[in-house]
Amino acid sequence: MMLRISLLLMLLVQLTRTQTMSKTIIDFCSPSDPNSCGPGGKCVELSLGNRCECPSGMMGRKCRRPCQDVYKSCARWKSEERCHWARPISPFFADNCALSCGQCRNNGKQLALALPPILDNIEWFVGRWEAKTSAPYRFPEPMSGPYKEILDVQISEVPAFDRPPVNISIRAESLDGTDVHVEFGFLTSKPFHEDTGFVETNKPDSGDDLVSIELVSNTGLMLIEEGTVRGTQIRLETKYKKAMPGIYRNELVKSKRMFNLISPTALEERVVTIDSRGVTNKWLKRYKKVFDYMTDLIPTPVGKKLQ
C-alpha cells in the first residue's frame, strides 16, 4: 500500500514539473514607445501589467477616455475596500473603477456609457453605421429588393461581474418601403490575453481573441455566430440557427461573414452563404459611420466628480 502511495506521489510530482504555470499579465502600454500613452501620458511599469499615467481627466489605453467608472457597482466595491486589498492580486478594480479607486480625476465630462477595457479589441466596431445597396442580398435573409440599413453597435450598462457585451440592433428597409427586417442581439468577446484572476497551466504564448454574436429577427430566426477578432477584422461563422415553423424560406446550410474596418469611418461586410439547394452566394456591403459612441461626451452628473 505504501509503495502505491509513493508511486502516485512521484507521478504527481513529475506531472507538476512538466507543466508550465503562469498568470496572464496585460500591458496597456510600453515604456519603450513614447507614444503608447498619447500626448502628455507616461507609461508606468507595474508587476501586474504596465499602465498609463494620464493627464488630468483622462484614463485607459493611450489616455483616450475621460476618467469615469465602468461598472455600476464601483461605489459599493470601494466601500468594501476592494480597491485596496485586491491591488496586489489583480488590476481589475483599478482598471474598471478608476474614478472610485482614485486612479484618476474627472474634469466634468464623461462618456454616456464607458466601454469595459476587456472589450478594447472591438472598440473600432462600436458606433452607428449606415449602408445603402443596389441588390437584395442580405444576411441572415435576403430583402425583396435594394435596401438601406442601419447597423447599431452600442455600449451596454455593466451592473456587476460577468462577461460584458455590446448591444447590436440592425434595421433594414427596402427602398420602396414594403419590406423591413429587424434584428436584435449582443456581441461578446473573449480576448486570448485575459486576466481571469487564476494561474493557468500550459497556456501558449499567443492565440486568437474569440467573439460571438447572438441575434433574433422579426422574420422568425434565432442564430449564433462564433469567430475571431484580429486587429480591425471580425470573422464569423454561423454555429446555430433556429427558424420559426411554418415560414417558407431557402434554408442556409452554411454561412460565413467578415467585418473589416477600411478607415475610421468606413466598414465593409463580406458574406458567403450556401443554401439547401447547394447554391453559393457572395456579396460585399459597405457602411459609413454616422455616430461614434466613443466620443459621446456628456456632463458628469453632480455627485460623481469624485477624487
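From the backbone N, Cα and C atoms, a Cβ is placed for every residue, glycine too.
Taken from TrEMBL, the feature signal peptide applies to 1-18.
The domain 'EGF-like' feature in TrEMBL is assigned to 25-64. According to DSSP, the domain 'EGF-like' (25-64) comprises 3 helix, 8 strand, 29 coil.
In sequence order, C37, G38, G40, G41, G60, C63, C67, C104 are the residues near C54 (disulfide bond), counting only same-chain partners six or more apart with C-beta under 8 A. According to TrEMBL, the disulfide bond annotation covers C54-C63.
Residues of the same chain lying 6 or more positions beyond the ends of the domain 'ShKT' (67-104) and with a Cβ under 8 Å from any Cβ of it are 26, 46, 48-49, 51, 54, 56-60, 110-111, 114-117, 157-160, 195, 197, 300, 304, 306-307. As annotated by TrEMBL, domain 'ShKT' applies to 67-104.
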Near the domain 'EGF-like' (25-64) in space but 6 or more residues beyond its ends, with Cβ under 8 Å, are 90-91, 94-95, 98, 103-109, 117, 120, 193-195
Work out, from DSSP, the number of helix, strand and coil residues along the domain 'ShKT' (67-104).
15 helix, 1 strand, 22 coil
Count the other Cβ atoms sitting within 10 Å of the Cβ of C63 (disulfide bond), across every protein chain shown.
23
